[in-house]
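Q: Quick one: this structure, given as structure tokens, is what I'll be asking you about.
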Amino acid sequence: MQENTKEESELDPIPTPIDIKPSPEISVIIPPAIEADDFAIIVRRLSLEHSGPSMEILFVDDGDDGAGNAARSLVARSSVPIRLIHRAPGERRGGVVFAGLVQARGAWVVVMDGDLRHPPALAPRLAEIGRARDVDVVIASRFAGAAVVSRRWPCLLSTAAVKVLFPRRLGRPSDPLSGFFAVRRAALDLDRSGPEGFESLTEILVRHPGLRLAEVPFGTQAGRHTASPRAGVTLVRHLVRSRALLPKHRLVRAGAFGLVGLSGLAVNTAVLWLLHHHLANLHYLLAATLATEASTAWLIVLTETLVYRGAKSGSVASRAVRSFLLNHALLVLRLPMLTLLVEGIGLGVLSANAFALGLLFLVRFVVTDTAIYGRDEPPSTRSAGDPVRLVVDPGPAGSPAGITPKRSSRPARYLPYRYRIPEVATIGSQVRLPELDYFRAQWLGNDTEIQIRVGTVGSRRPLPRAVVTQFAGPPAVEYSEHLARFGANFQVCFGGPIKVVVSPSLGRSPHVVYTNILEALLRFVAVSRGVMLLHSACLELDGLGVLFSARTDTGKTGTVLRLVREHGAKFLSDDMIVVHGDGRAGCFPKPLTISNHTLRAAHSDDLTRLEWRRLWLQSLVHSRQGRRLGLSLSHLNLPIMSINALTQRIVPPPKYAVDRLMPCEISSETRLTDLFVIERGPHAVADLSPEEVMSTLLANTEDAYQFPPFSHFTPSIVIGEDDHQALREKEREILSAAVRGIKARSLATPDFSWADEIPRLLVPGAAGGRLTPRRSA
């Protein structure tokens, strides 16, 4: 066993890793300041976990105590390989950990103290959670869950100090000063790190702001070493120096944005004065609304030409639409504020308007900089776009500070709305789900396979950011937002029946309950039943089962409506279909999301005048640009589910059943024979290989699940014996079998004329007309 020990000379500050085969999965780094007895206990407890992932222990010896000799004596008796790294006495912790990271051979590196404050049994669990959740860093947090922290107020004060210095880079984790964490070594750029750091985790998060994080609650035990006030002062000094070295791009943009904003304020005030005081004597709220139109146009032009002069994301028109939506969303907040200042306080109209605009400046800048124009920082300095905090229960093998789902008062048993989706699931709900009206099955009892109830969910106190909590036993997941129990929160418990509890505010937005929660569950429940919910349109045309796949907002709905009206196609779905491994497709006729353009292209005139007038606003709010703005806002620290639920209540999406729009026949099932992937471009058609079919269909399905919290709570899904990854593998197998005998083609047109070309292409031996055959990529 002696070959398990490798000693590095202190003359080499960054030694080259020594190749020992096979490489372990986990490297555990233990810095100095450790008692010999404590080290023996840690090695013994880690050895008990050695039956799981392979490990190595890297002990950093500074020669300042007898722990190095104790480590040498344990090498021959330990089932876990132990390696020693010699460092100079008194070196900062960050430098010690950096030396260990350079030497580590494991894919995951766990850093822990050696004075028994950090439970050794939790060390391999941190790495396992990181792999399962596909994150880069897993932090054992003293402030997550029900952990009890000794010296709580000093810890809280020092944590608050570093968060003030780095609000964007250290704002997500609850405990950025934790000394117990696991990190995926490949996610680190060690050339950008350095041995001068003081707190290793803080250094990593500041220098790598794009890392994906998860937290595990744990309760610290009494240790022999405590932090001194001098150490705290040194930490703050080091962080202030690091703060000064960060790029200043955002500050410069904020200054330019402020100057442009002042000119916009002048335009807004001048128009308001003209309309309210001088020319038309309009009511001040109407005049403020019209003044917003003028200043919005002014700001769009100057922001586009003066503030963001380099390369920008999207087109000028798309950025203008998003700016228009943003300014009018802020107008909804500003008008009540203006009324309060004028009517309640007696402030002058012009002064009150300027004050309200000034209060909303920071909101406008953050949203414009992030959601409309994106970021132009290099990737190495770009902040992570995910503001949601992820907390994972470590399970029975973890620390005693585990977490359990909070049970609210028992909700009502009765489920007034019941649905049966053939070969997928039965659903009972206290919230009416219009998307499932076709599947109403009131003859079912209350013991459905998925049960949705309205109840109390979430923390009693407001949260600084949204939190997703994954529970180990029983398996469950909870999503809570900033507004405590007034927010759009929900909890899903997996077991016999899947039980979903949504907060009252979320329950008043049925579309959000279905789209953002239930549809994600149905996707994986379907896989457990041997079928797949594929995001594609499906029609039966001249006896042939035809699939249509496209990215969101390509023009699929208009194509489907034209084929139904002009060619008598039988309708199965516009958006999602139940696919069987033997090539059958079952219907899923959800209501269609329509727009003015869609209906006019399909020559549908069945809506009333009121519905047509309402459709203009609905199409604007729920347009591609509106959704892109919402998706961009989800990357900010905002209660995005609450905003989404409120928006859907005020302006419901324009959804209509297909037979409400035009006469048609709905077919319950068909056998798939053809697939068309429609896209925009010069007239062209090409055959697709099986690999291209699989990648395209899966990519277009994932495209439909971009909006949060899908990516946050689906990794916690457990159905039967299958976790999220196993269900995804089964989904691929079902799809691969289903499309094996399908003729698949990509079809491009520049003028939305897919409905003209598809019937011709389905005729055997027919010419492609104006379509140009192209070689598949």
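Each residue, glycine too, has its Cβ placed from N, Cα and C.
The model shown is predicted, which means the values in this text are computed figures rather than measured ones.
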Q: Between 282-303, 348-369, which stretch does TrEMBL give the note transmembrane segment?
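A: In TrEMBL, the transmembrane segment feature sits at 282-303.
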Q: Where DSSP helix means H, G or I and strand means E or B, what are the helix, strand and coil counts for the domain 'GtrA/DPMS transmembrane' (257-371)?
A: 98 helix, 0 strand, 17 coil
Q: If I take every residue in the domain 'Glycosyltransferase 2-like' (27-186) and average their pLDDT values, what number comes out?
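A: Averaged over the domain 'Glycosyltransferase 2-like' (27-186), per-residue pLDDT gives 77.
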